[in-house]
Each structure stands twice: as C-alpha cells, then as structure tokens.
C-alpha cells in the first residue's frame, strides 16, 4: 500500500506507535492520544501551580515592601521635620556636588575621546568619521577655490572697465590739451 505523509512522519517520530498501529490497527494511536492528553493536563496543572506559587510569593514580597516603607515613613517623618532646616540645604549641597563631579567626569571623558580621535587623525590612522571630515574639507576647499576664481574674474572685468574708462578720459583730455596748444 502507498504510504501517506502522515504515515511517514508518524513512523519517523514514533516508531513503536507506528508498529502498534500496523499490528493492532488504530489501537496504538488511540493509546498515544490518551496518554498525550493525560500528559498535557498534568503539564497544565504544573504550570498553573508554578504560576500561582510565583505570583503569591511576589505578592507577599510587595506587601512586605509596602509595610516596611510605611513604617520607615512613620519613624522618619518626625526626624525629617525636626532636622529639615539642616538637612534640606545639606541635601541640596550634596546633590550639587555630585552633579558637578559627574558632569566634570563626563566632560573629561568626552575631551579625552576627542583628543584621542584628533591624535589618530593627525597621525594618519583613519578613525571612524574621518572620511566624512575629509569629504567636507574637500567640498569646502573646492567652494573656496571657486569663490576665489569668481572674485578674480569679476575683479578683472571691473579693473578692465576702469582701465578703459581712464584711457578714454586721458584720450579726451589729451585731445583738448592738444587743441589748446595749437591755437
């Protein structure tokens, strides 16, 4: 008889069940399903029990934390009220000092990183981002050269026009002088 896909996968996965099914018809498969259902029910019960246990223990821990916090506030509130004129400025000072030290350290690390990058770039190593810097430098250089060429070109045109005007003015002046001398 031709084997179906189900037969092939069942025989490959469960060789004893396949043998039982071949010998006893569907009995082997039915027994597998019943034991699988029992297995899956017991597994679900184990999962539920584990979840309930974990949830209960977390609930107890959160309750203990809440009770501890309330007791600490009950004890600490009178002390905080009595010592607040001293504690508040002290806490502000400590917070400012900590902020200052942390920001100073962060700026120091940033400066060291920048100097390290500049050193690598200056010594010929190619740190990350140096290709973008080189590209920007080339673009800026080409724009500067373009502006220099334009300024030179327009300067030549402007100087040439003034030169032509001066020459025309001198020629007119020379003509008028020449006519004055001849008369």
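A Cβ is built for glycine as well, from the same backbone N, Cα and C atoms used for every other residue.
Per Swiss-Prot, the features are:
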COMPBIAS  159-177  compositional bias 'Basic and acidic residues'
REGION    1-47  region 'Polar'
REGION    48-119  region 'Hydrophobic'
REGION    154-183  region 'Disordered'
TRANSMEM  57-77  transmembrane segment
TRANSMEM  99-119  transmembrane segment
_Under 8 Å between C-beta atoms and at least six residues away from its ends: which parts of the chain pack against the transmembrane segment (99-119)?_
127, 129
*Per DSSP, what is the residue count of the region 'Hydrophobic' (48-119) in each of helix, strand and coil?*
72 helix, 0 strand, 0 coil
